[in-house]
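Below is one structure, written out as structure tokens; the observations come after it.
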Amino acid sequence: MAALRRKFGEDYQVVNTNRGASFPSAPVKKKRQRFVEKNGRCNVQHGNLVGETSRYLSDLFTTLVDLKWRWNLLIFILTYTIAWLVMASMWWIIAYIRGDLNHGHDASYTPCVANVYNFPSAFLFFIETEATIGYGYRYITEKCPEGIILFLFQSLLGSIVDAFLIGCMFIKMSQPKKRAETLMFSHDAVISQRDGKLCLMFRVGNLRNSHMVSAQIRCKLIKSRQTPEGEFLPLDQCELDVGFGTGADQLFLVSPLTICHEINPKSPFFDLSQRSLMNEQFEIVVILEGIVETTGG
């Protein structure tokens, strides 16, 4: 044993080749903080940005689409509730200023809105008008110009709110984010020989019968490095060739496929030994792009 240590150093394992003998388990790696989780979520938080909130609000539509569902539903409900209450209050104020509330059952009096006696009836009139229900019991009379103007404003504002919120919800529902749940990647990548060449390989498969149109795969090596000028790049991104020149990156994903990266002199893994490969701090991010056949997204 001492001779083995002198010859090979401390990094060696004794393997028993007898039949039925158990092989030593691979050393357990310490779990590291990932740059990109396996579910695609990036562990990046921005800090010390001036005017970050105003930048998000300037692109309000995209901000709403990116929010979680619970916040989208909350904003959806609150926006409609507040808009309905405000507009119903405006109809009630018009009836109150004109004195229509005091002549609710006077047949000889012509109100701004017929059969509006209090706030609940004003609210019901607004809902009937906004939802184009039209029961016919409450209606605007021709002797109320302020009511006609408010009706036009209500129609325009309602169309804008509906287009904004319903469009936001539609885009969010049509996003195929959960489509990634049925795209399976191999848990581990391996380095082995294929066609006489040393390759880094992993597998990808599609569980659904629907095809991914124009599927393309890319790989990024994220690793810290220092330039010859002494500049430290904490999250430098390097492209791994998975068949750009041969078209192997264009996938016909009807069955599980093995993706290969040839470790040649152009590969960032070419100068790494087995020991240095285990000790290096890097991460490989696989990006699979394509158009979902059923949704077109």
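Quick reminder: no glycine exception, Cβ is built from N, Cα and C everywhere.
Bear in mind that TrEMBL entries carry predicted annotations, made automatically and left uncurated.
What TrEMBL says about this one:
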DOMAIN    36-176  domain 'Potassium channel inwardly rectifying transmembrane'
DOMAIN    183-296  domain 'Inward rectifier potassium channel C-terminal'
TRANSMEM  73-94  transmembrane segment
TRANSMEM  148-171  transmembrane segment
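Outside the transmembrane segment (73-94) by six or more residues, the chain places 64, 67, 100, 112-113, 116, 118-119, 122-123, 125-127, 130, 144, 146-147, 150, 154, 157-158, 161, 165, 169 with a CB less than 8 A from a CB of the stretch. Helix, strand and coil counts from DSSP across the domain 'Potassium channel inwardly rectifying transmembrane' (36-176) read 90 helix, 4 strand, 47 coil.
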